[in-house]
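Features reported for this protein in TrEMBL:
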BINDING   Lys92  ATP binding site
COMPBIAS  1-17  compositional bias 'Gly residues'
COMPBIAS  18-29  compositional bias 'Low complexity'
COMPBIAS  371-389  compositional bias 'Low complexity'
DOMAIN    64-332  domain 'Protein kinase'
REGION    1-54  region 'Disordered'
REGION    355-389  region 'Disordered'
Amino acid sequence: MSVGAGGGTGTGTGAGPGRRPQPGTSAGAAPGGGPPVGEGDRRGTALDGIRPLAVGDPTRIGPYPLLGRLGAGGMGRVYLARSAGGRTVAVKVVHEEHIANGEFRARFRREIESARRVGGRWTAPVLDADADAEQPWVATGYVPGPSLEQAVREHGPLPVESVHALAEGLLRALRGIHAAGIVHRDLKPSNVLLTADGPRVIDFGIARAFQVSVESLLTSTGMVIGSPGFMAPEQILGEETGPGADVFSLGCVLMYATAGQLPFGAGASNQHAVMFRIVQSPPDLSAVADDRLRALIERCLTKNAAERPGVEELLAELAAAASASASHGAWLPPVLLARLARQSALLLDADVPGRADAAGSADVPGRADVPDAPGGRNAPGRGADAPGP
């Protein structure tokens, strides 16, 4: 589930990765007394990607009053909320079918504790969680920027210089995630959020908590675990998955960022064909114009996980190449920087919405309210990378 101003969970309509970027469309009506939530031009003239709370949605989850709905996916629903201290957060509530699995809560608790240890500026931190609630939930820092998927779909591929900066930021994010003993397993454009000072990776480790409950559905639903266009060969083959799988996914993400296409084709129409090509066929990188970027992507997409370069090796290569062509300007094109500025300004004025149709809604019960203390049980963990913002 993605958590950002893009508002998606990777399950929305419109052109997805591998399809030609198309202009955005308008969203729905606004509740409450603040700026329109989910109304107006998807390109940033309102709080784009944030929908009003609907009948049946809670108005509060644990200690967090809700501002709106960010999206929904196979794991659960995602809401925009505000803490007692005024921090804007994203709260994910688990779907009921996952809770029915006896192993889910224990795994969810373990994965949340692991995710708390991920520090640094390149990820959205895990701030709070309640695995024992009637419907378990987790709160993470909210990133008021579009996802990479949304940015490319609505504005087109990023400039080469932006993709090089994206690669460095994502590698630093993966370094922090892997240092905490986590393999992301689902790195894709909708799990990469764009901010003025670099990308942010979300949903690291959380997806693994759902693996047992999803596997229990496989025989009856035919569900595929993961995102086919971004899965490493070892994931598709059911082999042991390590940090190298995230490096393979990174190559696919960078290809999408620079060309709006995927190296093995889009999976919307035929996921099995895409997975076959990932395992058996060389990537098609003909749409990547920059030689250095093409070489980086090709190295990431090495079929054999044992021969694939690691995160530190790739970071060293990027640093060596960047020393001759260092740029100290903004990493994103002006159209995206302007969008980020508008989104941040609107978010500051957003009110907790009143809702005339709230009859029938119910709060998600949780533990008592907690302060936004810098330390203690509800503070995010910090890793060896740079301190978070």
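Just so you know, glycine gets a Cβ as well, placed from its N, Cα and C.
Note: TrEMBL annotation is automatic and uncurated.
Within 10 Å of the C-beta of the residue listed as 'ATP binding site' there are 25 other C-beta atoms, taking all protein chains into account. Summarising model confidence by region, the domain 'Protein kinase' (64-332) averages a pLDDT of 88.
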